[in-house]
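**Q** Quick one: structure below, then a few questions.
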Amino acid sequence: MNANPKFLSADAHVDAAAVAPLPNSRKVYVTGSQPDIRVPMREITQADTPTGFGGEKNPPIYVYDTSGPYTDPDAKIDIRAGLPALRQRWIEARGDTEVLDGLSSGYGRERAADPATADLRFPGLHRNPRRAQAGKNVTQMHYARQGIITPEMEYIAIRENQRRAEYLENLKASGPNGAKLAAMMGRQHPGQAFGAAAFGANALAEITPEFVRDEVARGRAIIPANINHPESEPMIIGRNFLVKINANIGNSAVTSSIGEEVDKMTWAIRWGGDTVMDLSTGKHIHETREWIIRNSPVPIGTVPIYQALEKVNGKAEDLTWEIFRDTLIEQAEQGVDYFTIHAGVRLQYVPLTANRMTGIVSRGGSIMAKWCLAHHKESFLYEHFEEICEIMKAYDVSFSLGDGLRPGSIYDANDEAQLGELKTLGELTQIAWKHDVQVMIEGPGHVPMQLIKENMDLQLDWCKEAPFYTLGPLTTDIAPGYDHITSGIGAAMIGWFGTAMLCYVTPKEHLGLPNKDDVKEGIITYKLAAHAADLAKGHPGAQVRDNALSKARFEFRWEDQFNIGLDPDKAREFHDETLPKDSAKVAHFCSMCGPHFCSMKITQDVREFAAQQGVSETEALQKGMEVKAVEFVKTGAEIYHRQ
């Protein structure tokens, strides 16, 4: 499908729904050690506790915000100009890059000179790409191993802490019961972190820039931050940090336009997508990607073999190292932050898939398997891996080593092909680390619950704790249309066991290309799974939001319940289906139980009765039961009464 002309006209814009602030929320910025380290967070305002429940102040809570400038009313959003180059000064100040005279990729130059693409191109880029100076390495891992704390690392430390300390201090200062309130709202259940370094007996009270540097230096975390994507807001992927989620977007040969993909990106980050992968396989892949990157505040990943295949008209056997290499450079100079590269699909593993129920289900894996069989040679990705590393470190592109032999059904889970490839990915990780190139490892797939932990344990062992990035896994194969749920179950589990980033699955998985509604559904499901994993691991401060929402629920602060939740719009919509009037927003019940059977209202009544009688809640319950017993006998001791 050709690009939508309306999107590319002078009035091109993102839809208003993607840029409006979320209810009762505002963008706030926390400044670091220098003025241009301004870390965004979402502040959610809360109402005071009603007088009947104590009348105390409830200070705002702060949550991680991936939406970039889009939800900041003070920001001027023009997708034809792109986002501000947030990291440009930091990159320049390091003095180890050079601005190129033009594009290095032959295909990139061809597209730039093609008059047929003139009306499709992103018009707002007025700078040439950068590359490392000769002999220099510009990866965040390289800096970390030199003992350097970069502005990106400081930014991340501030971001991961989510102003938790300030929130608790505000609680303490909120009134006479402030200290008690802070202790209650800061309380968190101990987690089980399966050996993760940041948790347990010596858990960090807060994430520090030095801790970020150390985790990146060890290879346990990555900061995907291509020097040609200065618009990105630094983030980190590692099991000692908040579990992140990725959203896949991208056109296909039969549907979607450039405009729709940009809208999907802004929609995905609004609801919490930490990274976005552009998996476009249709027309104008190069131009689509440029629009997305220039307007994205989150890291962008791709699978370069998809575009390379388009360059040879879809014939896998016609792929060459030279075409693939040019594609890597083309995308690196556009600013792609991480590449999925299926270098672990080796010739010797392909026959191991013959007895599978569903064979090879990875598109990238099947492309490389077909090439290996057609030439009866080892994959050129494997053979040229060191050369790929040289490209990656010249732009600071991170590896996402692809699981091309992942199981496509629970029948095939943890088989010889899958685990053989995983072991190879561990070997390739060591090669990449020799070049100080950042690496994460992709994982399955379809795995029943009882086999999930084995996947995590083997990955940690064979890949030396490089971050794991998994698609789900889907825990059953019986629910087309609901695979965001079948996979969300597995995602929560594997996130708890140590996976650093979860790739979302939408309700359209296995059925079709997701639209914006599907993207939101997938994002919310996976934010839920990631948060559940953070709670289970005992991540510092993970329970703050739960505690705030629970307190609002108990105090019947309906608007706060909606707004603190992951999807305020849906929560409000569901409530208003049965109780649409404004008066219902202050009622001490909902339509589930009604006014007489609300457990929380009954508890409040017990507390009020106890206060009036000057006794404890336990004594109040006992006294109340005694009163009711006498009343029961006086009315005839009948269980049922005729009306």
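The backbone N, Cα and C atoms fix where each Cβ goes, glycine too.
Model, not experiment: these values are computed from the prediction.
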**Q** Can you match one of GLU383, GLU427, GLU442 to the substrate site that Swiss-Prot gives for ASN248, MET277, TYR306, HIS342, SER362, ARG363, GLY364, ASP403, GLY404, LEU405, ARG406, TYR469?
**A** GLU442
**Q** Long-range same-chain neighbours of HIS446 (Zn(2+) binding site), Cβ under 8 Å, sequence gap at least 6?
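**A** Same-chain residues close to HIS446 (Zn(2+) binding site) (Cβ under 8 Å, separated by 6 or more) are ARG406, PRO407, GLY408, SER409, ILE410, ASP412, ALA413, GLY472, PRO473, LEU474, ASP477.
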**Q** Could you give the Cα-Cα distance between TYR306 (substrate binding site) and HIS510 (Zn(2+) binding site), in whole Å?
**A** 18
**Q** Let me know how many other Cβ atoms fall within 10 Å of the Cβ of SER362 (substrate binding site).
**A** 24
**Q** According to DSSP, does TYR306 (substrate binding site) fall in a helix, a strand, or coil?
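**A** DSSP call for TYR306 (substrate binding site): helix.
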**Q** Per 10 Å Cβ neighbour count, which of the binding-site residues ARG406, HIS510 ranks highest?
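**A** Of the binding-site residues ARG406, HIS510, the highest Cβ count within 10 Å belongs to ARG406.
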**Q** Which residues in the same chain, at least 6 apart in sequence, have a Cβ under 8 Å from the Cβ of TYR469 (substrate binding site)?
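**A** For TYR469 (substrate binding site), the qualifying residues are ILE237, ASN246, SER400, MET440, ILE441, GLU442, GLY443, THR499, ALA500, MET501, LEU502, CYS503.
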**Q** Take the C-alpha atoms of HIS510 (Zn(2+) binding site) and GLY364 (substrate binding site) and report the distance between them in angstrom, rounded.
**A** 16
